[in-house]
Amino acid sequence: MGCIKSKGKDSLSDDGVDLKTQPVRNTERTIYVRDPTSNKQQRPVPESQLLPGQRFQTKDPEEQGDIVVALYPYDGIHPDDLSFKKGEKMKVLEEHGEWWKAKSLLTKKEGFIPSNYVAKLNTLETEEWFFKDITRKDAERQLLAPGNSAGAFLIRESETLKGSFSLSVRDFDPVHGDVIKHYKIRSLDNGGYYISPRITFPCISDMIKHYQKQADGLCRRLEKACISPKPQKPWDKDAWEIPRESIKLVKRLGAGQFGEVWMGYYNNSTKVAVKTLKPGTMSVQAFLEEANLMKTLQHDKLVRLYAVVTREEPIYIITEYMAKGSLLDFLKSDEGGKVLLPKLIDFSAQIAEGMAYIERKNYIHRDLRAANVLVSESLMCKIADFGLARVIEDNEYTAREGAKFPIKWTAPEAINFGCFTIKSDVWSFGILLYEIVTYGKIPYPGRTNADVMTALSQGYRMPRVENCPDELYDIMKMCWKEKAEERPTFDYLQSVLDDFYTATEGQYQQQP
């Protein structure tokens, strides 16, 4: 595509403010997965109010309106779906959350399309190197994921300044190994972009082409765009209570307290995880209350609930499929055993991010441990199993009579009084950190549940293990404070773990 002009930003200077350094230590990072639950609707922008990343263009009369181009091919499953090929242009007729009604300008057919498979024509979103709605941290995870190498790069939107962009590049440092360098992209008042004020470009596309030919002050020449995995298509429109025959169970993945977990397919097309509930375990009404609660928790660090089957037993709960299974099993596997400490801490940061979301939503998990965290093919961690979670009014929740909970992961006040809060989840998170840094070992090794309860009442805490940094152990001890109110928030834990290695270093590279 051609140049995409910048609209001047008065708040941005063009005098070349110095930028700082953001190294990332030697570790593979996970691929960022865009939140599939976003229902943001993008409306057409009048040409007199173009945004950064758009340009004036005369369109065919037939193309008047919102025109999108396919980033990936899509084969329709339902009669009202519209199939399309990569690069095909379509006119958006109606927007329905994650599914839009569109007309192909090639075939003239109409139907529903997955909105995350397309991008607005003549925007940066059509470029393979542009990653929309991605944080600096997730950009690092994406670039350090398997399949990318030194010279891989992406352009992302600024997290703090709307309409601004940053360039993130994978480099190799003899001391630190694989690192990510970030460069702020500045806008000129009269249009155009620059990283270094000594050379400017009319559009970001021209800037990329220049730095693909020569480093010209960057850490290295830009080579290949960061690999972007094909997104999972949105769940079917209005498919909540689904027919049992629409689910095909393929492979049993495991069994838990309330039933089994299977890999299966919905309508023979969408790979899903299926939790089956043992008959008589709980009432359909109680199950639906839990399922409806879980459905409200939508974040890219939480396993997403898709649908349920409740008309007869066994009850099914349909969630997104995570290829590498539980974090506990992964850590104990050959592959997981090769993961280095920086990546283990990144796992912790991802889990803290998901729990920070739960914290903001005034929920509790009640059973946070490595067995209830799942891992994707690209090593993205997502929190699962909200079967015992409950919305709370006064930040207090009393366990039901006879409820089973894992002693070694549970805070003393929850063990002794049955009261669960987000702060008891923080205690459990500290135990989860122990699981992670020991590659899945059972907490309090050699001690029975009764021994643990007695030891905790006497102020005992697990000692630091050999490969655990002092700073990480300090975080564990914060989580294990006797007084719940003295334990940190998940928001704080996320911020500390996100920048565990870089807290005292700058974020951006000096201008070339």
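The backbone N, Cα and C atoms fix where each Cβ goes, and this holds for glycine too.
Listed features, source Swiss-Prot:
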REGION    1-62  region 'Disordered'
MOD_RES   SER11  phosphoserine
MOD_RES   SER13  phosphoserine
DOMAIN    63-123  domain 'SH3'
MOD_RES   TYR193  phosphotyrosine
MOD_RES   SER228  phosphoserine
DOMAIN    247-501  domain 'Protein kinase'
BINDING   LEU253, GLY254, ALA255, GLY256, GLN257, PHE258, GLY259, GLU260, VAL261, LYS275  ATP binding site
MOD_RES   TYR306  phosphotyrosine
MOD_RES   TYR316  phosphotyrosine
MOD_RES   TYR397  phosphotyrosine
MOD_RES   TYR460  phosphotyrosine
MOD_RES   TYR473  phosphotyrosine
MOD_RES   TYR508  phosphotyrosine
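All protein chains shown were included, and the count of other CB atoms within 10 Å of the CB of TYR473 (phosphotyrosine) stands at 19. Geometry remark: VAL261 (ATP binding site) versus TYR316 (phosphotyrosine), CA distance 10 Å. Across the domain 'SH3' (63-123), DSSP classifies residues as 4 helix, 30 strand, 27 coil. Least packed by the Cβ count within 10 Å, out of the binding-site residues LEU253, ALA255, VAL261, is ALA255.
Secondary structure at SER228 (phosphoserine), as computed by DSSP, is coil. The Cβ of TYR193 (phosphotyrosine) has 23 neighbouring Cβ atoms from other residues within 10 Å, across all protein chains displayed. Sequence-distant contacts (6 or more apart, same chain, Cβ under 8 Å) of TYR306 (phosphotyrosine) comprise TRP235, ALA239, TYR266, VAL272, ILE318, THR319, GLU320. Sequence-distant neighbours of SER228 (phosphoserine): residues of the same chain at least 6 apart with a C-beta under 8 Å from its C-beta are GLU128, PHE131, GLN142.
Distance from the CA of TYR460 (phosphotyrosine) to the CA of TYR473 (phosphotyrosine) is 15 Å. Here TYR193 (phosphotyrosine) is compared against the binding-site residues LEU253, ALA255, GLY259, and the shortest C-alpha distance is to LEU253.
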